[in-house]
Amino acid sequence: MSALAQAAKSLLLKEFFGAVVLSMRQFFAPKATLNYPHEKGPLSPRFRGEHALRRYPNGEERCIACKLCEAICPAQAITIEAGPRRNDGTRRTVRYDIDMVKCIYCGFCQEACPVDAIVEGPNFEFATETREELYYDKDKLLANGDRWERELARNIALDAPYR
């Protein structure tokens with residue numbers, strides 16, 4: 001570039017005004033930022049949040065105590081104790097605990113479950129004050145399942161073609 005062209009460019013401040021125009025265009029464009037606690041963005045049906053144990057529509061818990069989720073958990077965060085076999089030959093859990101401090105939210109437990117009993121739900125706001133509150137027992141997991149059942153069923157139905 002010649003010295004004359006360089007001088008004309010710097011005197012006319014072409015780059016400066018180009019930058020101002022670009023800034024003004026972006027200033028008046030619609031914003032992509034959400035004001036988080038007041039506005040929440042959409043979550044994917046495959047989102048892996050807080051764990052929950054589901055029930056059948058008749059109220060019976062789904063978990064059949066097969067312990068596949070306990071076996072596949074890479075963080076060894078799941079502990080299950082199976083009860084004795086019932087008269088109809090089925091088993092249910094006596095104890096189902098998840099240590100959420102250990103959990104890495106990989107979703108293997110959900111994928112391994114043959115009856116869709118353990119799922120990772122849409123809730124991601126479960127911060128606590130103590131570590132003990134992050135130790136989920138069977139009652140807490142069933143309560144989560146009852147609270148989020150509509151969203152859980154919808155997410156599983158949306159994800160069904162890909163399973």
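Heads up, the Cβ atoms here are built off N, Cα and C, so glycines get one too.
Since the structure is predicted, the reported quantities are computational estimates derived from the model, not experimental observations.
Listed in Swiss-Prot for this protein:
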- CYS63, CYS66, CYS69, CYS113: [4Fe-4S] cluster 1 binding site (BINDING)
- CYS73, CYS103, CYS106, CYS109: [4Fe-4S] cluster 2 binding site (BINDING)
- 53-83: domain '4Fe-4S ferredoxin-type 1' (DOMAIN)
- 94-123: domain '4Fe-4S ferredoxin-type 2' (DOMAIN)
Number of Cβ atoms other than its own within 10 Å, given for CYS106 ([4Fe-4S] cluster 2 binding site):
15
Compared by Cα position, which of the binding-site residues CYS63, CYS66, CYS113 is the closest one to CYS73 ([4Fe-4S] cluster 2 binding site)?
CYS113
Given the binding-site residues CYS63, CYS66, CYS69, CYS113, find the one whose Cα is closest in space to the Cα of CYS103 ([4Fe-4S] cluster 2 binding site).
CYS69
Out of CYS63, CYS66, CYS73, CYS103, CYS113, give me whichever of these binding-site residues has the highest number of other Cβ atoms within 10 Å.
CYS63
Summarise the domain '4Fe-4S ferredoxin-type 1' (53-83) as counts of helix, strand and coil residues per DSSP.
5 helix, 8 strand, 18 coil
What's the CA-CA gap between CYS63 ([4Fe-4S] cluster 1 binding site) and CYS106 ([4Fe-4S] cluster 2 binding site) in angstrom, rounded?
19
